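*Asks:* Pulled these features from TrEMBL for this protein:
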COMPBIAS  1-10  compositional bias 'Basic residues'
REGION    1-94  region 'Disordered'
COMPBIAS  15-30  compositional bias 'Polar residues'
COMPBIAS  53-78  compositional bias 'Low complexity'
DOMAIN    90-137  domain 'Galactokinase N-terminal'
DOMAIN    237-311  domain 'GHMP kinase N-terminal'
DOMAIN    408-478  domain 'GHMP kinase C-terminal'
Amino acid sequence: MQNGNSRKKNGNGSVRASNKNNKNRVTVSELQARFKTDEIITTTSNNDEDNNTDNSDGSILTPSTSSPTANTNSSKTTVKMASHTKSAQHARKISSPMAPPFMVSAPGKVIVFGEHAVVHGKAALAAAISLRSYLLVTTLSKSHRNVTLNFRDIGLDHTWDIDSLPWNVFQHPSKKKMYYDLVTELDPELLEAMQPHVAAVSANETDDVRKIHQNSAAAFLYLFLSLGSPNSHAAIYTLRSTIPPGAGLGSSGSVSVCISAALLLQIRTLAGPHPDQPPDEAAVQIERINRWAFVGEMCIHGNPSGVDNTVSSGGKAVLFRRDDYSKPPTVTFLNNFPELPLLIVNTNQSRSTAVEVAKVGTLLKTHPQVTAAMLDTIDQVTISAHNMITSSDFDNDDEDDEDTNTETLSKFGALFRINHGLLVSLGVSHPRLERIRELVDYSNIGWTKLTGGGGGGCAITLLRADASPQARRQLDRSLAAENFSSFETTLGGDGVGVLYPAVLRNGSDEEGGEEIDQLKFENAVGNDGIERLVGVGGGVQEKREGWKFWRRAG
Ligand SMILES: Nc1ncnc2c1ncn2[C@@H]1O[C@H](COP(=O)(O)OP(=O)(O)O)[C@@H](O)[C@H]1O
Ligand SMILES: C[C@@](O)(CCOP(=O)(O)O)CC(=O)O
């Protein structure tokens, strides 16, 4: 059992504010001048050095073999990777032209039920949301030896010289990990070797900003050094996200999934995604991405439960439980999760998930029986919710059955209220969260609970089908007047996806499509700007073509 007291998770609502003031942010033209990005594409590599995992031509062509397998026959699945032979794993492609820029994307999540309890071995039910992170990878020609992180939203811009990185430590036979390995803890010696390179990141920034930058940089570097090789190609990794950081919506999990997917694609260890990919094969790829994303999450958080990266990589919704941290979690994939209309309200109140998790740990020590009983009750709430949504009564398509549908939704909504009450009793709410609950309760439009770590962050409201539009408009005004931001979403979207090459077609027969250049991507303004440029679907971007997703069996 994990008591979570030792967590280092960082939460900070000031990230976006810091962007505005970041006068030193590099522009793409500066990057281009620095790296002469006109040399980016169409170089043919003849570097065929036998390296465990690195594909030295920078392309992301997929391997013909994908031998690790996952048992996806049952809906309740603990994914296991089979061991496989070295020759199959390391079969190399003949050199091919260097990859054009490509993009990966992964969603944020809401925990619908079970936050905090999940840290103590109980179940949590979590679902993907439409907010997402997007990572553009621009491979540079072999004459360059730098890797650059351009994480625009948080104002991080850092370049490492690939040859100066501690490959000798990461590549040592006693340390070297394979792309299919399950890593459940960070290696202190690897962290130590990496430390000076992380410490150099944003060294002159304020403590708060530096910590956020270094967390993200550490997640990238640990994965880059674990999955890459001294022959890794120079590249620029440009990240934009529509997920507010530190608000309980899984921003770090989504960033970690993007990094993991991008690096695994670059070393050609992922098959697909492609539309006719067998779901079992897709499940293996998702799990491979998820495992390394969890390593990234550990770099950012210390000791996460793993629910965020699991939802972000696979999408849709999951029932998640991890009682033994040395083993993979038990995950039930809820591929038919109902399309619940949800209002997400952000308190815009910064908080630290680590602090909230520690509060529950302390309460468990001071009032062990009472606290354990509350955690057990949350478990029951989550299990009841799961039973409800997997029963045939839920999401009844029969419109004549309106009364039954209203009753079912109201029964489900009551679980929101109960779960929130228990979280309040655990001490992880906040006056701003209680204010949201109060305003929503007055408007009588649905049932509200906090989501994620609490102590600030976000609340979610399950909307009544018969909520009055007038009440809804009034609520929006009241929320805005008190500096809450809100948006509606449906739960259960796609997980990690790829846009390769980074060219979009807008549902027309146009030739060529719209190439996403780095400058446009960096300078897209706000969530709308990012989504208009690269959005994967949903809302206004329904017809966006080009994006492909790994999808488990439906
Ligand atoms: N847009 C982003 N770009 C780079 N890193 C990000 C971004 N959003 C979040 N992160 C990383 O994730 C961390 C936030 O994680 P956390 O506090 O757990 O919030 P959440 O609950 O949203 O996951 C940040 O400190 C940063 O390291
Ligand atoms: C409190 C907890 O259950 C959820 C935290 O969610 P978030 O990082 O605030 O999105 C912690 C965890 O699961 O790692």
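The backbone N, Cα and C atoms fix where each Cβ goes, and this holds for glycine too.
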*Asks:* Can you count helix, strand and coil residues in the domain 'GHMP kinase C-terminal' (408-478) using DSSP?
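*Replies:* Helix, strand, coil within the domain 'GHMP kinase C-terminal' (408-478): 42 helix, 12 strand, 17 coil.
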*Asks:* Count the residues of the domain 'Galactokinase N-terminal' (90-137) that DSSP assigns to helix (H, G, I), to strand (E, B) and to coil, and report the three numbers in that order.
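*Replies:* Taking the domain 'Galactokinase N-terminal' (90-137) as a whole: 4 helix, 27 strand, 17 coil.
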*Asks:* Average the pLDDT scores across the domain 'GHMP kinase C-terminal' (408-478) and report the rounded value.
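*Replies:* The average pLDDT of the model in the domain 'GHMP kinase C-terminal' (408-478) works out to 96.
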